[in-house]
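Pasting a structure here, questions to come.
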Amino acid sequence: MEEHFIDLSKFMMANCPYEEAEGVIFSIPYDETTSFKPGAREGGNAIRTASWGLETYSPILDRDLAELKYCDLKDLDLYGSQEEIFGTIHSVSREILKENKKIIVFGGEHSITYPIIKAVKDIYDDFIVIQFDAHCDLRDEYLGNKLSHACVMRRVYELTKNIFQFGIRSGDKEEWDLARKNNLYLKMDLMNKDDLEYIKSLDKPIYVTIDIDVLDPAYAPGTGTPEPCGFSTRELFNSLYLLEEVKDKIIGFDIVEVSPIYDIANITAITAAKIARELMLMIL
């Protein structure tokens, strides 16, 4: 009887038991530090729903989701203070990584990346974080909160100096001064072949974090902090496809700041779902 029913509350084709899964999806419905328009807490389920409108096969990568072993644990159960919530994210992420499974996370706002990276730090002595984003996210604090989504890469920088920031076109003077003073690898353009070759030469584990607002609002209106003069969907995908050369080094990724209440015809959620599909086909 069960074969006649479908569970649309999970990412498409996420039918593998956790014990057998090589990749683990979960979402973090958290947006308490959003600095402009809240709503990213609903992003994970919007991405899941949108995934069912896509094909399982990628003609670019010549792979099909049906070939992969991954599960979807749905929403992480969150309660308590921000510190307690981040502690939960950290411990869950660490347990998944300890089992040599790839981690696939849907936000939620961008602050949730920090406790995930703390878990990465627990497992790997040295690693790389690649960020696609419109914003530096390098503030030391925002409205008195050092764990704000505006501070996430500043906190990550305290864990690893190997951060690569692409698509950045917004931030306050303090952030840009910090980047220049410390010679951070921060570019307004998307990652190109030369960038990838340098990353490849470092030969370290890689975690990828994608803030959907790296795209121009015309392509991704469903986000809480839209930033004009961004990139097209095709430009972003062409950059992401370069990661295939380091796919064996990628230990996980997140897609954050999808806020469906501001979306138009679900184009932001659909784009996020396709990003997830392509990266999963690449790394699993």
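Sequential numbering from 1, following the chain as shown.
Keep in mind that glycine also has a Cβ here, set from the backbone N, Cα and C atoms.
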Quick check on the annotation: Swiss-Prot has CYS71, HIS110, ASP133, ASP137 binding Fe cation 1, so which of ASP7, ASP203, ASP211 does it put in that site too?
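Candidate listed by Swiss-Prot for the same site: ASP211.
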Using the alpha carbons only, what distance in Å do you get between ASP137 (Fe cation 1 binding site) and ASP213 (Fe cation 2 binding site) once rounded?
12
